[in-house]
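Since the structure comes first, as structure tokens, the remarks are kept for the end.
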């Protein structure tokens, strides 16, 4: 069992093969029978964000050229085969592949690698210092965003109690039932109308929602304290809050 886990670890050799193989499969938002979605076709690279063309791509190594040629044939003969099994089969066939085929793939790689170096050198020479700094900042932002996503996922996996809804969110949830969005409305228009209805509620009417929020928030305070105590005992100090909880804001009466 331990051997199986280590083989498919993301940092392992086989894991890297699987990751490199993944882009060949259609993304979730792309139909196998239709054109790519707008979101997929309009993805902007970091270089494009600073006004540069797309960076030249490194050529595929001989092995991944072999995989690119062979994988469609394997999938066509066995559409239900898992990605892991496809990688295994490609690896076995590569080991017994004809030397002349490997030589051809190696020559193609060397030729494209030389072209890539020339394109990359020319590309780099056109980047200004300002653009380099912008690219560096955007890459750092991307790394930090990924770390935040991973932390949110980790906190969720560790079972952190969910923060209760505010008074306004509770009102909006009930409005979706009482006065649902019509076919002629966009969600933005419906939300603006619901927000307007909230703004004209009397303090007494808003207090009903505030009481519900306070009650659930008190329960949440106890649950989060117990959870954080447990996390400290288990050594997950990084998921414990650094600041105290902030109570839900009180509704201030309007001045007359």
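The backbone N, Cα and C atoms fix where each Cβ goes, glycine too.
Per TrEMBL, the listed range annotated as coiled coil is 102-148 (candidates: 55-101, 102-148, 149-195). Sorting the DNA-binding region (161-228) by DSSP state (H, G, I as helix; E, B as strand; all else coil) yields 51 helix, 0 strand, 17 coil.
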